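Working notes for the structure below.
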Amino acid sequence: MRSTTLLALLAVVLLYLVSGALVFQALEQPHEQQAQRELGEVREKFLRAHPCVSDQDLGLFIKEVADALGGGANPDTNSTRNSNHSAWDLGSAFFFSGTIITTIGYGNAALRTDAGRLFCIFYALVGIPLFGILLAGVGDRLGSSLRRGIGHIEAIFLKWQVPPELVRILSAVLFLLIGCLLFVLTPTFVFCYVEGWSKLEAIYFVVVTLTTVGFGDYVAGASPNQNSAAYQPLVWFWILLGLAYFASVLTTIGNWLRVVSRRTRAEMGGLTAQAASWTGTVTARVTQRVGPTAPPPPEKERPPLLPPPCPAQPASRPLSPAAPEKTEPPSPPTPPTPPTASALDYPSENLAFIDESSDTQSERGCALPRAPRGSRRPLNTPRKPARPRGPGRPRDKGVPA
């Protein structure tokens, strides 16, 4: 992630936090002040009703009660019928262990001993990664099962010839609705019936729990009236499935964002290619309108390459007939002049010229020096076809072929 993107994201998060702080302050601060005033009024009423109790003793008593409530004590357990209730029975301890490894941490029950706190450190370090692995596996299986069921519904829609784009939207909506029905709405009505909460309190507990916020003001099974030992373990298994569902939803959203990002990159690549093609077309049209560029200046001609002088040959040697490809026959009264040619630009043409000059001079009894053996004919050079020998053309033994 780029630095500018990271700073922009940080600014958005800070702005979100500040806006949330302002809203919570406006909503909750008046209620806090009202509760503080009511506590002061109750305290003054108690002191007027019991003049033997001093204000200092009453303050110490209130502090001890608050510490006891923070330690898990409940004033309702002082009655005779609830004297056996404990916040650390097997079901409650199992639920507390589950809140540690799920990182919810309601806070309604806290550890008060040093040994318990030390054990909690190592227990959380081992349990949290272990639960993460379990959560990933359960979320994969749960998401696959839901997608398989939704796949059958998609097949029905496709048989009805519904457009594929609409089918994808409907499948995503069904995936969300089925998950919310199973893990949000159904537990809400269950908690309303079992705990005696309102619908707002029940759905508040569900959302706070499945988002692993866990304030602890509402906790399932924390009431002394709940005597079932299997109730809180069942609540923990619901938490496991609900967290797995939300994990699969987040995974699906992440995959969808990756697909959208890839498509966006492909579309941007196509637009870039189109822009480059359009730029090339415009450049070519402008070049055609302006006209062709001036030709480069001609190169200076090199002096003609003259053949080396020939040694004198005996007059009795018969001359060979002219080459068939030569268009101008040599004149009989005057001796033929040595062929001249201008230098060529390409090595293959130079070699062809040297070869032709050698053949012409061999007819006159003059051999041109050969190229060294180490030199090779350049690649892609057309070979010169062999010169046909006329009938009766003698080969002189003293002249190399």
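Quick reminder: no glycine exception, Cβ is built from N, Cα and C everywhere.
Caution: TrEMBL annotation is automatic and unverified by curators.
According to TrEMBL, the compositional bias 'Low complexity' annotation covers 313-324.
Per TrEMBL, compositional bias 'Pro residues' is recorded for 329-339.
Residues or ranges marked as domain 'Potassium channel' by TrEMBL: 86-142 (among others). Secondary structure of the domain 'Potassium channel' (86-142) per DSSP, as helix, strand and coil residue counts: 41 helix, 0 strand, 16 coil.
Here TrEMBL flags 180-258 (among others) as domain 'Potassium channel'.
Sequence annotations record features per position, and here TrEMBL assigns region 'Disordered' to 282-401.
According to TrEMBL, the feature signal peptide maps to 1-20.
What TrEMBL records for 90-111 (among others) is transmembrane segment.
Annotated transmembrane segment per TrEMBL: 118-138 (among others), in sequence order.
Among the features that TrEMBL reports, transmembrane segment is placed at 169-191 (among others). Distant neighbours of the transmembrane segment (169-191): 146-147, 149-151, 153-154, 157, 162, 197, 199, 202-203, 205-207, 210, 220, 238, 241-242, 245, 249, 252; these residues of the same chain sit at least 6 beyond its ends, with a Cβ under 8 Å from one of its Cβ atoms.
Residues annotated as transmembrane segment in TrEMBL: 203-223 (among others). Sequence-remote contacts of a segment are chain residues at least 6 beyond its ends whose Cβ falls under 8 Å from one of its Cβ atoms, and for the transmembrane segment (203-223) they are 87, 91-92, 95, 99, 102-109, 183-184, 187-188, 191, 194-195, 197, 231-232, 235, 239, 242-243, 246.
The transmembrane segment annotation in TrEMBL covers 235-257 (among others). Sequence-distant neighbours of the transmembrane segment (235-257) (same chain, 6+ residues past either end, Cβ-Cβ under 8 Å): 94-95, 98, 102, 104, 134-136, 138-140, 142-143, 146, 175-176, 179, 182-184, 187, 206, 209-212, 220-221.
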Same-chain residues at least 6 beyond the ends of the signal peptide (1-20) whose Cβ lies under 8 Å from its Cβ atoms: none
